[in-house]
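Here is what TrEMBL records for this protein:
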- 277-375: domain 'PH' (DOMAIN)
- 397-433: region 'Disordered' (REGION)
- 417-433: compositional bias 'Low complexity' (COMPBIAS)
- 459-491: region 'Disordered' (REGION)
- 501-637: domain 'PID' (DOMAIN)
- 645-666: compositional bias 'Basic and acidic residues' (COMPBIAS)
- 645-708: region 'Disordered' (REGION)
- 673-692: compositional bias 'Polar residues' (COMPBIAS)
- 699-708: compositional bias 'Basic and acidic residues' (COMPBIAS)
Amino acid sequence: MPGIDKLPIEETLEDSPQTRSLLGVFEEDATAISNYMNQLYQAMHRIYDAQNELSAATHLTSKLLKEYEKQRFPLGGDDEVMSSTLQQFSKVIDELSSCHAVLSTQLADAMMFPITQFKERDLKEILTLKEVFQIASNDHDAAIHRYSRLSKKRENDKAKYEVTEDVYTSRKKQHQTMMHYFCALNTLQYKKKIALLEPLLGYMQAQISFFKMGSENLNEQLEEFLTNIGTSVQNVRREMDSDIETMQQTIEDLEIASDPLYVPDPDPMKFPVNRNLTRKAGYLNARNKTGLVSSTWDRQFYFTQGGNLMSQARGDVAGGLAMDIDNCSVMAVDCEDRRYCFQITSFDGKKSSILQAESKKDHEEWICTINNISKQIYLSENPEETAARVNQSALEAVTPSPSFQQRHESLRPVGQSRPSTARTSSSGSLGSESTNLAALSLDSLVAPDTPIQFDIISPVCEDQPGQGKASGQGGRRTNPFGESGGGTKSETEDSILHQLFIVRFLGSMEVKSDNNPDVVYETMRQILAARAIHNIFRMTESHLLVTCDCLKLIDPQTQVTRLTFPLPSVVLYATHQENKRLFGFVLRTSGGRNESHLSSVCYIFESNNEGEKICDSVGLAKQIALHAELDRRASEKQKEIERVKEKQQKELSKQKQIEKDLEEQSRLIAASSRPNQASSEGQFVVLSSSQSEESDLGEEGKKRESEA
């Protein structure tokens, strides 16, 4: 009969929450079948025991058969066929309910025996297997828990062997028990039909034989119907036997094939790591903090869905969102003396989770899968091929560099070079330079043979690449106690803008162009690809001080200035288009690989989701510096104009004084010559008060002379 639902025996070893959820549905169906069969058994037993109540018991049986279509079996695959069949049975039984008399022997053999066998043997077998499976599952969980708590630092071979053997035994026992339990539940789907149809068939055959002679109700049409039902039952039985044989063979094959997978940490040589996955699922231990220093670990099933990491507890119908892993960062970490731990940090840095994988293979595959998903490779048409191509191109694009100190020594002038010392950088050089970088699509932006810096220069170095020295001063310590050292004024003390940000240095490399924002994005891509491929997760944290004069990287512990970038040399700055935590700027410096020309170096940093704020602060600082320069030039021009005006004013005052003196002299000359002209010509001249006084004095003198 079609429409038989089955549990997938092949998925018993994975034991995923979906399988457990499906198992719960089958168990619920078995419970419903048991309840229903108990009721049917009681009804048929009532027919057998009480001949006087045979009519009422038959009526109840008919009623139960009519209510079959109202039952809500979770696995009712062919309910319509069964409902129609049982409905027809119920009609016939209802018609014969008043005609039954003595059917004890026939009913006991043909009706009660099959349903009793199903109830006492098959249903009890399901319950027994359920209990055995639950015990095996609990033992396996306990073994896994003990295995997960194995110490990485204090390894004990004997304890590790015992725990590993315990995991192997418990897992094998759980797998075998689960497969047999699934087989029994699948078989129950056939047996429930047989257990329903065979008693009814036996009952009707008993009724036919009882009313063989002249029964009006038992006609040829009903006999044909019963014959078809008997044939259907035989077909179901043959199908069940064939399916049982197939499932048994599958169990044997899976037991042989799954034997190496019982070991919790398989050999990576036999099971290689796939680094191009964009989907993964499996059990992980999640770390949950319960206090300041205490924490607990919960084992849950995790799976990726698009750009989300989902978690699902055992028995749950569906999973819940654990974290958005688009543009996230993932790295391996050491946590509480546990092996195979890794940390996922969300794109905004506000949420992080620490998870523990079961094996080294799962550990590396989870990290690679989450890293591929964070790049949104899963949105492409063929994610795995795209991931393989991206990883290959990133591997070819990466040009590992020597340490920052070696690069610094190479950039020094010949006269100032120091004796080379054997120092080991925090990140060191990572392989030889790539020869395929020039084939990239953006090779016009980044120098083909440039190395990538992964560390920051040590504070003890005096000459810093990319750092303009003002008035011969090198890097010095910022006094954390606010005391002035030797009366020297801080170079940023009079700056209008002082903004401090927490940043982590990702790397730097020399670039060709400094006028295109794409150079910053390409530098970010190459540095992040280099870190991902070479598993460089360590980052140097610093404080970035933005002022109107320069950008400073300050050590947060010692307050030592690591690097100083003059603001006029910062010619380009940008944040990542999608991940706002990443930002970078291009510094135009003298020297580099060609001492006679200017070179441009792009520095990439990661912040706590403040990339845009830092770029805005740098832009504001440059605007303030520009306005300050314009104001300074305007002030100088205004002073020059005032000096010219003052000079012109002095010249004008001097000219006016000269004109005033000339006018005064002309008046004096006119005053001395006008009286003689008046007496001779008889003209009157109006004199000023001073001149009139002088003329009066002159006339009085003349009178005195005439009188004398």
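The backbone N, Cα and C atoms fix where each Cβ goes, and this holds for glycine too.
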DSSP helix/strand/coil residue counts for the domain 'PID' (501-637):
46 helix, 56 strand, 35 coil
Tally of helix, strand and coil residues over the compositional bias 'Basic and acidic residues' (645-666) according to DSSP?
22 helix, 0 strand, 0 coil
Per DSSP, what is the residue tally for the domain 'PH' (277-375) in helix, strand and coil?
15 helix, 50 strand, 34 coil
